[in-house]
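Data block below; observations after.
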Amino acid sequence: MEIDILSLFPDYFDSPLRSSILGRAIKNGLLKIQSRDIREFGLGKWKQVDDAPFNNDGMLLMAEPVVQAIRYVKRRESRVIHLSPQGVPLTAQKSRELAKCSHLIFLCGHYEGIDERALEIEVDEEISIGDYVLTNGGIAALVVIDALSRFIPGVLGNQESAEKDSLENGLLEGPQYTRPRVFEGREVPQVLLQGDHQAIARWRKQVSLDRTRERRPDLYVRYLYDRESEDVPQMEADPKQSAFEGECAVVLDVENINRSKRFYSKVFKSNQPIGDKLYIPGKTQMVLHLQEVGLKNKNTAVLSLRLDCENDFYSFLGRWKMLGGTLEQADDRGAVRLVRDFDGHLWAISCKKAK
């Protein structure tokens with residue numbers, strides 16, 4: 001694979017690309033990476049590459065130097081990527097996809113960004129490594145290069161390690177242990193010492209599910225939706241769930257029951273609550289049992305709701321935000337949206353037809 005990095009600071013990449021696994025991959029000819037200075041394509045005697053944006057502060061990279069830099073290295077098979085917090089999230093799946101390309105061009109932004117016209121003309125896609133802003137796009141480019149390189153045959157000493165690493169199956173990896181068996185009173189789990197490979201595999205899967213559910217509920221919900229036909233190990237019954245004469249009831253701890261009643265009544269277009277119970281309309285009768293516990297004793301839950309059509313999906317999200325709930329995160333297909341209510345409960349709202 002060949003990679004060209006376009007940046008105002010090409011020397012920034014020298015040390016990372018000479019070190020460790022990436023350095024070895026370049027030395028062995030598995031990767032060919034060049035960093036180029038956008039200033040080489042600057043305008044006029046002083047090689048100008050930036051200017052003040054209209055109706056805003058700071059400095060912006062100009063369209064012409066950026067476009068000329070891209071066209072200088074671009075080939076028919078090239079894929080041009082702009083590193084930006086506005087892009088699609090970088091995932092293991094996206095890294096696999098990029099690893100199949102023969103030539104990648106990474107465009108690194110600086111200052112307040114890049115003139116939008118350059119992006120519209122020459123960029124194929126934008127990729128984000130997270131919901132935050134960096135001092136320069138070079139850091140993000142290195143992250144993407146490192147992530148995709150793991151899927152290029154020969155880069156890792158053992159390619160199986162790339163397949164087994166955390167997130168490769170949609171879940172966080174479980175804990176790892178080495179000698180000694182006991183350290184400061186903490187023992188290695190007994191199942192790992194017995195040599196029963198099937199039992200170890202079951203244990204690893206369960207621990208991986210538990211860890212993902214607790215630490216990354218967004219990944220856990222996506223995993224469940226992506227594997228609807230797959231048997232997912234059943235968790236122990238949640239004491240917060242109970243049955244009310246054939247109805248499905250979910251008990252939610254809330255700080256202020258009147259506030260929560262108003263919120264859920266309006267967001268679900270439900271009838272007036274009966275006591276502390278709120279009936280959610282739909283094909284399957286569900287009851288929210290609101291339990292006022294105050295702020296200190298409140299436990300938060302993760303819930304899932306699937307809507308039938310796209311209009312209902314977006315209308316529901318609109319009501320949620322308008323009534324004071326927060327919209328947290330969407331998956332890269334837009335089919336699952338994570339939202340939080342006033343009490344911190346996380347809901348995964350989904351619709352198969354949403355785009």
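Every residue, even glycine, has its Cβ placed from backbone N, Cα and C.
Swiss-Prot lists Ile129, Gly130, Asp131, Tyr132, Val133, Leu134 as binding S-adenosyl-L-methionine, and of Gly109, Gly157 the one it places in that same site is Gly109. A 10 Å cutoff on Cβ-Cβ distances gives Asp131 (S-adenosyl-L-methionine binding site) a total of 9 other Cβ atoms nearby, all chains included. Each residue in Pro85, Ser128, Ala140 lies on the same chain as Gly109, Ile129, Gly130, Asp131, Tyr132, Val133, Leu134 and has a C-beta within 8 Å of the C-beta centroid of that S-adenosyl-L-methionine site, without being one of the site residues. Most Cβ neighbours within 10 Å, among the binding-site residues Ile129, Val133, Leu134: Ile129 holds that distinction in the structure as shown.
Per the record's binding annotation for S-adenosyl-L-methionine, residues Gly109, Ile129, Gly130, Asp131, Tyr132, Val133, Leu134 show a top Cα-Cα distance of 16 Å.
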